Amino acid sequence: MSGGDTHSTPSVHPKMAAAQGPVDPSSPEQNGFMRDEKDHSLQRGNWGNQIEFVLTSVGYAVGLGNVWRFPYLCYRNGGGAFLVPYFVMLIFCGPLFFMELSFGQFASQGCLGVWRISPMFKGVGYGMMVVSTYIGIYYNVVVCIAFYYFFSSLTSVLPWTYCDNPWNTPNCVSILENPNITKSTQPSAMLGNVSQALNQTLQRTSPSEEYWSFCVLNLSDDVGNFGEVQVHLLSCLLVSWVVVFFCLMQGIRSSGKVVYFTATFPYVVLTILFIRGVTLEGASTGIKYYLTPQWDKILEAKVWGDAASQIFYSLGCAWGGLITMASYNRFHNNCYRDSVIISITNCATSVYAGFVIFSVLGSMANHLGEDVSQVAEHGPGLAFVAYPEALTLLPIAPLWSLLFFFMLILMGLGTQFCLLETLVTAIVDEVGNEWILQKKTYVTLGVAVAGFLLGIPLTSQAGIYWLLLMDNYAASYSLVIISCIMCVSIMYIYGHQNYFQDIQMMLGFPPPCFFQICWRFISPTIIFFILIFSVIQYQPITYNQYQYPSWAVAIGFLMALSSVICIPLYALFQFCRTDGDTLLQRLKNSTKPSRDWGPALLKHRTGRYAPTIPPSPEDGLEFQPLHLDKAQIPMVGSNGSSRLQDSRI
């Protein structure tokens with residue numbers, strides 16, 4: 001059961017081990033089989049090219065949190081000094097990104113199928129599906145709100161510019177109508193997680209705040225008071241799901257083409273907004289506030305905890321999406337290179353977005369004559385209140401608003417594509433027969449319809465309460481636990497030596513020594529640290545001045561538990577159905593790899609995965625035509641170990 005155990009496979013003959021060495025992609029033959037020029041999976045399909053995979057993964061990792069959470073964390077935790085713990089945590093947590101990519105690529109299976117590596121831990125895959133379901137439901141509601149703001153920007157004057165609208169209150173004061181008004185007499189913005197965004201003021205409410213609360217949300221007074229469904233949000237939610245479905249209708253064949261636009265155009269918009277922002281009066285004040293180092297902050301444990309949490313959540317670890325996207329790679333794709341590119345791109349985007357956000361907020365603070373901290377927000381408070389209000393100060397404000405919300409839509413869709421594909425792939429791979437492979441479009445439609453129906457309550461007057469409840473509980477603690485168990489099960493149950501050999505067989509080289517150390521020791525420790533930090537820093541969820549009732553918090557913890565509970569329940573189920581004369585024997589049998597663990601294509605099952613008996617269709621292997629004059633025949637050596645010999649037929 002230790003990391004060095006090789007209980008799952010027979011001893012490897014030296015000549016067999018040679019088959020796991022580097023493979024020349026240009027060679028027409030590979031270990032006796034004729035190599036398919038495209039290294040192609042006929043059943044599941046593959047990415048059209050590696051750019052599609054990289055762009056899809058970038059779109060998945062680079063989401064709304066890069067824009068509305070990282071800049072806030074940076075200025076709150078020491079400005080430029082925060083970048084030190086941030087990049088240190090990237091170095092030590094980034095290897096988890098490579099682990100998930102290599103895991104999915106080696107087995108060519110989604111988040112359920114990969115657990116042939118250790119069937120007892122298949123509950124981890126189900127936990128990933130539950131988490132992706134929760135996130136997919138509320139994430140598309142955020143996208144639908146961005147759609148509504150986008151459509152509302154198609155006007156000559158933004159509707160949140162002045163206070164002469166039916167939804168405005170006597171407390172509303174526009175900074176354009178009263179340019180000398182400041183918020184200096186107000187209490188400073190509350191610091192906290194996403195649920196504490198959008199805090200209301202005591203003396204002045206801005207038009208953007210009232211537009212958000214009274215027009216877009218029509219907010220009720222309690223989480224249990226659902227009120228009416230907001231038709232305008234429901235319509236936009238339908239638009240969001242229709243867009244997601246049509247982009248994924250043909251699986252990766254269609255989404256792989258869409259990401260050429262959805263993953264790249266946000267950078268065009270960011271650059272346009274950056275150029276416009278840094279040319280504004282007062283922009284330098286905001287940027288200095290964003291980056292000025294406060295080196296004493298580095299000594300605070302909370303800063304390191306925030307850095308570790310931000311890296312972990314922004315990379316999308318333990319959602320199942322990384323495994324799913326990598327499962328459509330060709331077997332010998334260099335996913336190590338891809339993981340480095342995607343991780344660095346994700347973090348660089350966060351830093352870049354901070355310049356875009358704080359240059360405009362600095363200009364707004366300069367206009368109001370107050371400190372940047374008085375206008376800085378995070379989460380929905382930044383995206384739908386603070387930044388839109390700042391945009392009203394710019395000439396041709398609707399143009400900049402259109403660009404900003406179009407960018408949010410594309411960032412949200414990039415993540416949503418992978419969340420939906422994770423669920424669809426898991427279902428299709430689990431059923432695995434020819435019928436469901438041919439009907440995958442209908443599976444995608446069914447999941448999309450279910451997601452739309454489950455999202456309807458979030459478009460009610462109490463929708464924002466439930467959205468933040470899901471964001472705070474359903475996808476926080478459970479992700480950390482799932483990731484930790486996945487790391488431990490691969491490194492210590494399956495065995496680190498086995499996994500390193502698998503990667504060498506796939507890539508032609510083992511994981512770098514630093515990655516091996518991180519996977520075995522450092523990354524699990526950091527994950528455990530994040531969990532402890534999250535528990536210590538826990539505060540009951542609030543929204544503005546509203547304190548969630550205890551029954552709502554209990555529902556939040558139940559949502560978090562619903563994904564984690566899959567792990568022990570399935571482990572117990574697998575243990576009970578596994579054969580064995582003793583409890584220990586049953587435990588060993590339920591944790592060792594199943595007979596169909598390994599590369600999905602028969603031609604890639606070399607070395608210790610080479611079949612010693614003809615595989616049957618039940619093994620889940622995909623057969624590829626062999627060249628008639630070449631085949632691999634397993635032979636038995638003098639020492640009893642199997643070896644492979646090229647033989648003419």
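From the backbone N, Cα and C atoms, a Cβ is placed for every residue, glycine too.
Curation plays no part in TrEMBL annotations; they are all automatic predictions.
When the candidates Cys144, Cys163 are compared with TrEMBL, only one is recorded as disulfide-bonded to Cys172, and it is Cys163. Range with TrEMBL annotation region 'Disordered', chosen from 1-35, 176-210, is 1-35. The transmembrane segment (124-151) and the transmembrane segment (474-494) are in contact, since at least 3 Cβ pairs between them lie under 8 Å (pairs 6 or more apart in sequence). Compute the center of the Cβ atoms of Gly59, Ala61, Val62, Asn66, Ser314, Asn346, which mark the site for Na(+); besides them, the chain residues with Cβ within 8 Å of that center are Val58, Tyr60, Gly63, Gly65, Leu315, Gly316, Thr345, Thr349, Ser350, Thr415.
In terms of Cα distance, none of the binding-site residues chosen from Gly59, Ala61, Val62, Ser314, Asn346 sits within 10 Å of Cys172 (disulfide bond). Counting only the Cα atoms, the space from Ala61 (Na(+) binding site) to Cys163 (disulfide bond) is about 38 angstrom. Counted over residue pairs separated by six or more positions, the transmembrane segment (258-275) shares at least 3 Cβ pairs under 8 angstroms with the transmembrane segment (340-361), which defines the two as touching. In summary, the transmembrane segment (548-573) lies against the transmembrane segment (474-494): three or more C-beta pairs, each 6 or more positions apart in sequence, are under 8 Å. Residue pair Asn66 (Na(+) binding site) / Cys163 (disulfide bond) shows a Cα separation of 31 Å.
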